[in-house]
Each structure stands twice: as structure tokens, then as C-alpha cells.
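Only one structure is covered here, and it is reproduced in the block below.
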Amino acid sequence: MTAPLLTVRGVHRTFGSGAAAVHALRDISFEVEPGTMVALVGRSGSGKTTLLNVIGGLDRPDSGEVTVDGVEVTGLDEDGLSRLRRERVSYVFQNFGLIPVLSAAENVGVPLRLARAEPKEREHRVELLLELVGLADHARQRPGELSGGQQQRVAIARALAASPRLLIADEPTGQLDAETGLSVMALIRGIVESEGVTALVSTHDPVMMALADRVVRIADGQLLP
Amino acid sequence: MRLLPALHWPSIRGRARADAGPLLLVVLVVAAVSLLAAAVPPLLRGTADDAAREAVREHPDESAVRVDARWEDDYGPSGGRVRNDRLARDVEDLGGQAEATLDAGLRDALQPPVTTVTSISLVLTDGSVQRHFQLDYLRSGADGPAVTWLAGRAPGATREGNPEIPLNGSPWEVQVGLSETAAAALKMRPGDHIPLEDEQRNKYNVKVSGVFRPVDPRDPAWRLVPSALRPVAGLDGAGTTRLGGLLSASSLPDARLAFLQDQLRRTVWFSAEPDRLTWESAQRLAATVATLKAESGTSAERDTSLKWQTQLDGVLREVQAQVDAAYGQASVLLIAVLAGAVLVLLLAADLLMRRRSPALIAARQRGASLPGIAGELLIESLVVAVPAAALGIAVAFAVAGDAALPWVVPVASCGILAGPAFGTVAAARGTRDRRTPANRAARLFAQRTAQLRRAALDAAVVLAAVGAIVSLRQRGVGDSALPAAAPALAVIAATLLLVRLMPVVTGVALRQSLRSRRPLAVFGAAQAAATASRVLPLLVLTTTTALASFAVTLSATTGSGLADGAWRTVGADARLDVAPDETGSTAALAAKIAAAPGVTHVVAGDISGGVRVVTNDTSLTPNLVIVDAAAFHRLLASTPLPDAPGLDQLGKGGRDGIPVLVRGSLHPGLSLRLYLEDDQDSGASGGYSTAENAIKLTAVGAAPAIDGMDDVVVIDAAALPGTPDTIWATGPGAARAIDAVAASGHPVVRDAVLAARRSAPLTAGLRALDLAAAGTLLALGMLGFALGAAAGAPARWRTLARLRTLGLRTRDTRRVAAGELLPPVLVAAVSGPLLGVLLVRLTLGPLSLRLITAQSADPPAVVPWWLLGVASIVLLLTLVAVVVAEAAVRRRRGLGDVLRAGGD
């Protein structure tokens, strides 16, 4: 049996204190096998984004433990977390998060620059990734010149640039129409299969859930059975 | 129908609470700049008043207003002269009549009138040499000046009543009182007759009635006729002494009969009261007297009407030029500060607009009207800006005793209107139906239209700046606001051009950095390129830095000009103008000074003013300086004064005449003929042929500046011996050495001259304003930078947070942030000082700095590069502080919060 790529054990996260305390996550525990696509499903305010942030090291839990690819995320300092995000975990956001003055290709190359990749190697990898997301012809265009779906594809290509083990996508289709959203989810699905990446995608669209290998449901900060 | 828009008070309170920080900054800027703008004009007026008072104190006689009137004929029906026993009353009435001509405001600026009646100067025929005597009647205040009779009594009437006396009778007796000093000098007692005659040897019958002592020797009447109290030398020519006899109201009618019509002069004196005089009242007084003078000038020659005279306008003329120059400079500096403050307030409004934009758009979408939103924002800004401006005005009033309200209007208006205008426009834009055209050509058209609008605005600002500069250079600052705004407009125009270049420059920098392998350089350049088109932050930073540099350079140039002016005035570290009766010992004095410790060079020279020099057919009256040329050259070389290599030429002799150096209207290459007054007998020609009493000269070079004189001819003492009357000395001990022989003349010490000029009211006030303006502008620049950074902070740190999710280290985010903020700082740090210095060079002449520095020509701009470097370093340190502060604030927010969808 393969070791899980992601292990979450007993994670608690509370915002505020006293009577105003909001328990965003309560004793969350689950595992994700490598090379699978997991859909994290829940209503707004259920704790999806908080859980993704804790897993990706963008937020720290009050208690509990998160391990990604054998690295205990909750025990890492700032530099360790930066390294984790540079080498093992990457993100796709609802609002794309591209740098407006850089072209699509330059945006995709950002993680490779951070990883100090050789220019030739970087250019080659960017080319491959843009081809993978179907934007080879738009490499020189800036984000403002691309549609929302195209921008999210560039964001996905950028997320894949440093060959992460875990791809975290927080509502990646939230700003897209249904058809475009579906194509983006299909792209992630395809990437999971072709690149062997593990994807954890939050959504509340039932159509998208159908593309996932597994669905994890969350409500009021607790996983549903 | 509702006339006023509906206001939502909870929104007004909520917005004010949420943005308390920026609003507090607005309060600070409006209050501080209102204080400066309101206080400076009255303070400057105060320094102008001080300057006018100082000038009047220095020239009391020239500043006094004098009113003369001829006597009425006193011929009687039988052809004789009639005694008028009411003459003293008539003379007093003359003072009242003159006083009534002046309005109440002017009377307050003048001391109470002093009426004098003075006779011609008579010659004492008691066997003494060159002693003169004058009869004086004085009246100050109600019955002043008071005297105490030590012996005898006050002068009485020779005969009571109004008898008519024949014209050809014996000299009419008149009684006078003598001061105890005069009595001692004349060796006379009451009852004695003073032997007197005029130039025509007519005898006068003057009898001493008593000997007096003044109760108050400082009474202004004694100052006007000092000889009434003590013997005064030199009033009737070299070597003469004049004494006086005091007439009384009773003996004045007898004096009238003792003298002919034109031998007795009645005058009313109004001395200016420096403490009550203001710049404005002094000018009004001079103008009023000039008018009265013009009206009475011709008629008073014939009748007994009043004839007004004063030289106050002449005294004020020099101060006028200085005050005009000071007002001009102050206007320029104040407009610069106002421009900086207005830009900072616009930036604060921009920051508020960015922070409130989502809420304002949401309110508009929920149905709030634009007038309603504008009204809510206006109420908030009124509550913020009006009390702030009032506070500034109140403090200005407390500090300066007055407040210049018109100068506060720009900054208060901007504080009130900018926020509502920006907020309303943001709400309108966020909810308007206009969409970006889908058609590429239409998009391009819209883009071009926007570009054209910007270009038109830029062109308008550039044209206004050019117009203002041209106006300033052609007409000076004057009373118009446009020339005074020239430096501010020029800097804004130049910065606008730089702003338009910024996207190009940052684009090039980004392309270069993309070729590099340093990710931080790429991210920094990308961030900088993304924000390069923001106009206000760069405009504020560069404009304030340039104008602060302008003010600092102006201050440094003034300081250097004052020092240079003092060098040129004195010509050395110290100078002794030897007293006329001591010129025989000038050589000994020079030797004594040279022997004093700390004296490095000493030169004695002969300066003669107004000698006649003829070149071709033109006659000039330059100052002639006869000096040991070689020694003078060595002395000049030891000072910062310009070298005069021509001095070495003077000792060489010449075929066509004595070689000389010239300055002013004369120029090298000219052949001159020098005519010395009354020197043929003294042998001053030194043995040269003096055909037709002229000495031939050849101008072989340019003379150095000597004692601030305009037209100068310098001759070597070996070629034309003179009588040295001036000693120049240099070295650290020169001032002390010259002071030690001060009794032999008038010492002029450079340090003292410089200190006096530095502390002169206008100069000190202007230099303080220079530095205050520079400090305020620099502070405004730093504040503007912080506000600009705060406005862009959400977007900047959102992007940085995204880069952190890609693996950028926390500490590197600060570097990238610094990279984004660096370009405007660099542009301001480099172009600001350069623009400031360029402006000073362009405006030095029109600002008439020479009038403040007491130089004959415009001083060269002195650039305090180290100070400008410090200003640039301060800007860089501000950048570091802003980045560190921003990073600290952002660190408190989790990365997860920042990246929540839609959040910042």
C-alpha cells in the first residue's frame, strides 16, 4: 500500500476568543493518496479555505498536525514553509493572481525563477506547460489581454511549473462561467493523470465533483462522514 | 420635492472612524501649512516695518519732515518795520497749521512738531578765530524745551507793544540767553553785549539776558539746533565753531526786527517716530509729503504758505527695493509650499478614495445619489479641514499678531474639496453603464482620446510654466501671482514630463531584469512597471524635493552672497578709514597694525572720490585709488576676493602715460586724462608732464572691486604718490589690530559688517523662511511618499503574498516592495536637486537676491550639494522606513487572509 501524500490529524483552528470565538476547523483528520484528485466540498463559511490554508502552510492550526510528502508542515519555520511552497505545494486561486505586467510565459516562469532554474530549462518547461494548458499561442500576451478561463489556465501552468507534489486549488472556477469552469476542472483532472500530481480542489459545484476521485465534505468546521 | 440630498449619518461617522489615520494627516497638513501661510506675510510685514524703522533711525535728519514758510511783510504805514509782539504765537500757529494738513494716521507716525526760528550765522568779532554765532528760538511740546536760569533771567522784550521803527536806524537790540557752556566759551555774563557782524560787516546788537541749563538735554529741539547748547565744530566750514543764543517768546519780535526778511528762517520739524512707524505709514508719509511738496513748491517761493520738504522717500527707496525683493522671494517660497501641500492633500484624497471606493460604489448601487455621496463626504471634510485651518490661523494670529487669510484659501479649499471630489468621481465611475468597447478599433479610439486629453493637460501646464518663467524673468515677481508661481509651475511641468517617461523607463528596466537570473530584480521591476503610470506620488515627491532644493540653494546663495558682499564692502578682514586730521600718520598706523599679532598683510592707500577723468570726449568722476600695487595684489591674493592680475602691470611704467586699472564705466585699453583738484601746488603729479593740468593714463587692465565702489581707477603709488587715508589688513588678528587704533579713524571690520547684514530684519527673516520652506517641503515630500505608498500598499502586498505562495521568502518580500517604491524615490532624489538648482540659476536675477546680499551684481548660485545629498538620503531612509512599517503591518495579517477570494 502507498504512503499517503497528505495526512491531516486532529487539526483545530479557532478565530477570535471568548464568546466571539469562531471554530473554523474542529478535529479534522483525513489522508490523501498520491496522484489523486480530491474535491473538498462545503458551503460558504464551512471551513474549506481555512483547511486548504492550513494544509498549504499559509495558516497555522491551533493544534493538530499536517504532513505533506513526508514533511510535517505544522513544524516548519518561515523559511521551511517558503521551501515547501517552492518545491512541494502550489496553489491556484479563484482570482488567478497573475502579475499584470508580465506575459503569460513570464508568469508561468515565476516559480522557476524562484527555484533558480537555468534560463534554457525554464524556457523549455514554460513552453511545455503552456502547451499542456492549451495556451502555446498566447505566450506573449499579458493577463489583461486574456479571458478569465485563459488566465486561470496560465495560473494552473504556473502552479505546475516547479513540479509540485500537491496542487491546492481554492474555488478555481469561482470567477468563470460554467462551461469554462468545467474545462478548467477537466484540465486539472488531466494534469493529475498526466503529471501524477495530487490535487486538492475546493468547490461547491456538483458537476465538478464528478471529476474528482474522492469527495471530502465539510460543514461547520467538521468533516462529514 | 426634496431639495437637499438624503444623508446617511451612520455612514459618515463610520467612514471617519475607519479612516481616522489619513484624516488626521489631512488635519496636520492643513493646520501646519495654514499656520505658515497665514503667519509669513504679517511676519514679513513686521520685518519690513523693522527695516523701515532701522533706516529712519539711521537717518533721522533725512527722515524728518520739514515745513518752511516765509515771513509776512512787517512794513508799517510810515515805511518802517512794525514790531509784532504776537510773533511767537504766530510761529506756534504755523506748527498747528502744518500738523492739520496731515491725516491722523500720519500724525501718529511722527513726533510732535518742533518749531524753530533760526538766524543766519553771524561772525563773532571778539578777536577769536572762526567763531560764529546764531540766534535760535525753539518750541517743542506745550512750552518746551524747558531751561533753568543759572544767572540773570530769560530774554525779555526790548520794547513792549507794537511800535514801528525806522528802516535805517541803529541796530535793534535783541536779548538772548546763553547756555552755560556757551557762556563759558564766550566768557560772558548777563548784561554783556555779544560783538557780532554778518558777512557784509553789518553790526548786530545782541545782549545776554541770562545763562541757562537745559532741564532735559535729550529734548528733540536741542537735537535740531545743537549749537544752542554747546559749540559745534565745522557747521560754517572747516575749522569753524558755531555757538548759539536762545531767544524767548518775548525777544523773538525783537530778533525779527534785528534781522532782514531772509535772515531769519521759521521752520516746523516733524521727526519720524521710528517705534510707531510702519512700512506702510512710512511710504504713505513720503507720498503725502511729496504731494504737498509738489503743490507748495512754487507758491511758497512767493507767499507765506507752507513749503514741505523731506528726504524720507530717498531713505525709503533703498529699503523699498529690499522689501520688494523680500516680498518677491517670500511669495515664491510660500507658493512653493502651498503647491506641495495641495499635492499632498490630493494624494491623501486619492488614498481615501482607494480605501472607500468599494463602499462608495456599493452605496451608489444600493441607491445612494451622487449628490448625497458628495454631501456626506463634504460634511466630513468640512469637519476635518475647517477646524484645522482655523487652528493654523489662530496660532498664526498668536505668533504674528495678524493672519494673511487669502494665503490660506488654496490649502483649505483643497482640504475641503479634494476628498469629496475624488470620492464622488470614484462612485460615479464604478457605477456608470459605459463598458469597454468590444470592438478593437473603438477601444483604440477611446485609448487615443484619453492620451490626447492627458497630452493637452500636460501641454497646458508646460505653457503656463513657460509663461510664468518668462514673466518672472522679464518683470520680476511684482504683485502678480503668476511670476511668483513660476518655480512651482516649472517644477510641476518638468515632473509631469518625467511622469510620462516613467512607464517607458520602468518598461526598459523590466525587460533588462527579465534577462537577469535574479528573481528579486524581476519582481521589483515588474511591480515598479505596474505602478509607473501613477501620477500623483511621483509628482508630489519630485515637486517637493525640487522646491525644497530650490529653497535650500537660495538660502546657501544668500549666505554666500552676504559673505562675499562683506568682503567686497571691506576689501579685507578689516579696514581703517583714517580721520582727515590723522592722514599724516597713516604710514605709522599701518606699521603698527602690521606689527600686531595675527596680521598677515597690511596695505595703505589713498582713496579720492570724484576725481575728473576724461576719455575721448567723455568726462567721468570715478574714485581714484593710489596704492602700492604689488602689496595690494598680495593682500587680495590672501582673501577670497577675485584676483586682479593686472596689478602686476602697474609697476612697469608706460610710454603713453601711467598704466592704471579701471572698473565700472571705464574699460581696459582706453587712454585717459586725469585732472586732480588743487593738486598742482602739492606736487601730486609726481613729476609727470601735466599739459593743461592733466595726467595721461593708460588703462591696462581691470581693477579689482574696492569698497563696493562702482567707477574706479587704480594707480600704483610709485607712479603717482598720494596721501594714504585708508588701511586694509588681513589675517586672524586684523580686526583686533584695527580696533586698537580706532581712535585714529573709522574702523570697518568684515565680521561685524557680515553679522550686521545677517541679522538685518529682512535678511534674517528671509533666510529663516528659506529654511522653514525647505523643511516643510521636505516633510511634505516624505508624507506624500508615505501616503502614495499607503495607497498602493493593498495591491502591492496582495501581489507579494501571491509570490510568497510561490516560494518567495518573507524577507525577500521587503526587497521586492522596496524595488517597487524605489523608482519615484530615485527620480526625486536625482531630478529634484537638479531641478531646484536649475530654477535658482533661472530666477536669481529676477528675485533680486543682490539687494538682500548687498552685492553689486547677481551672486552666482551656490549649491549646497552635501545638504541636497542629505535630503536624498532622507528620502531613501523614508523608503526603508515605509517598507519596514508596511511589512510589520502585513505580518500581523495571515497569508491565508490575504489570499481569500476577493480579499486583499
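Even glycines carry a Cβ here, placed using N, Cα and C.
The transmembrane segment feature in TrEMBL is assigned to B:21-44, B:332-352, B:373-401, B:407-431, B:452-472, B:484-508, B:771-795, B:816-844, B:864-885. The domain 'ABC3 transporter permease C-terminal' feature in TrEMBL is assigned to B:773-885.
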Would you mind listing the long-range same-chain contacts of the transmembrane segment (B:484-508), meaning Cβ under 8 Å and 6+ residues beyond its ends? 328, 331-332, 335-336, 338-339, 454, 458, 461-462, 464-466, 468-469, 471-472, 477, 525, 528-529, 532-533, 535, 538-539, 542-543, 546-547, 550, 823-824, 827, 831, 835-836, 839, 842-843
Would the transmembrane segment (B:21-44) count as touching the transmembrane segment (B:373-401), i.e. at least 3 C-beta pairs under 8 angstroms with sequence separation of 6+? yes
Which residue counts does DSSP give the domain 'ABC3 transporter permease C-terminal' (B:773-885) for helix, strand and coil? 93 helix, 0 strand, 20 coil
Stretch winning on C-beta pairs under 8 A with the transmembrane segment (B:816-844) (pool: B:21-44, B:332-352, B:407-431, B:771-795) is B:771-795
If we skip the immediate neighbours and take only residues 6+ beyond the ends of the transmembrane segment (B:407-431), which ones have a Cβ under 8 Å from one of its Cβ atoms? 26, 29-30, 33-34, 37-38, 40-41, 334, 338, 341-342, 345-346, 348-350, 352-353, 356-357, 360-361, 363-365, 368, 370, 373-374, 377-378, 380-382, 384-386, 388-389, 392-393
Take every residue in the domain 'ABC3 transporter permease C-terminal' (B:773-885), average their pLDDT values, and give the whole-number result. 89
